[in-house]
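What TrEMBL records for this protein:
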{"type": "TRANSMEM", "residues": "12-30", "note": "transmembrane segment"}
{"type": "TRANSMEM", "residues": "36-53", "note": "transmembrane segment"}
{"type": "TRANSMEM", "residues": "81-103", "note": "transmembrane segment"}
{"type": "TRANSMEM", "residues": "118-137", "note": "transmembrane segment"}
{"type": "TRANSMEM", "residues": "149-173", "note": "transmembrane segment"}
{"type": "TRANSMEM", "residues": "193-211", "note": "transmembrane segment"}
Amino acid sequence: MADRNAAVRKYLTEMIGTFVFMFAVLGIVLGGSDSVGATALGVGSVLMVMVYASGHISGGHLNPAVSIAAHLRGALPLGDLGPYIVAQLVGALAAFGVGFGLWHEKYSADALDLTGTVWPAFLAELVFTFTLCYVVLHTATSKDSAGNSFYGLAIGFVVTVGVVAVGAISGGAFNPAITFGLMLSGTFAWKFLWVYLLAQVIGAVVAAYAYKATSLDEHTAARKS
């Protein structure tokens with residue numbers, strides 16, 4: 001029973017954290033500033049805050065790509081991977097629903113059209129999803145950096161930099177749950193869903209194996225075995 005309650009707390013934490021993150025992203029994108037810098041700082045800041053709020057309970061993934069990378073790295077059991085992803089998608093869906101009451105007139109207004117720029121957008125999402133997952137694994141899951149207080153800041157700044165660097169190319173999602181919410185709101189076009197999901201999943205997988213190739217944890221364990 002205790003294990004079940006702990007699992008439920010983790011899933012609920014992921015859902016709430018993703019809800020807040022998605023809701024803030026919708027507010028920033030649909031009702032906020034037109035400044036790229038302000039948008040990037042706002043998105044990175046809310047992610048940082050929610051990672052700190054949820055990290056000690058669930059790991060503060062708030063992103064199916066991060067959960068996939070964490071599983072491949074060995075930091076998330078297979079039995080938790082599906083529930084984590086479902087919780088994150090439910091959180092994004094709930095944020096879309098609540099946001100509809102505030103920004104419904106802006107929903108489905110101008111979807112980002114990737115026609116002619118599919119592969120640049122694919123590469124942009126892949127590189128920064130990789131970077132995000134790589135940073136998460138090294139700062140939030142590694143024994144070598146255990147107990148640090150900078151992981152949330154590092155994770156938030158990756159997204160801030162990513163939005164500034166490639167937001168004009170792909171929209172700067174780096175997260176299947178955020179992609180889902182932005183598709184529902186009409187900010188992204190559904191016909192390009194595969195571009196985002198494929199790039200983000202590949203980025204997560206590559207990040208997990210890059211972590212294994214570079215982590216002191218992994219090499220120390222290999223020497224001991």
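Each residue, glycine too, has its Cβ placed from N, Cα and C.
Counting Cβ pairs under 8 Å to the transmembrane segment (193-211), the stretch among 36-53, 118-137, 149-173 with the most such contacts is 118-137. Among the recorded stretches 12-30, 36-53, 81-103, 118-137, the one sharing the largest number of Cβ pairs closer than 8 Å with the transmembrane segment (149-173) is 36-53.
Tallying C-beta pairs under 8 angstroms between the transmembrane segment (81-103) and each of 12-30, 36-53, 118-137 places 12-30 first. With a threshold of 8 Å between CB atoms, the same-chain residues lying at least 6 positions outside the transmembrane segment (118-137) that come near it are 61, 63, 65-66, 69-70, 73, 75, 151, 154-155, 158-159, 162, 165-166, 169-175, 192, 195-196, 198-200, 202-204, 206-208, 210-211, 215.
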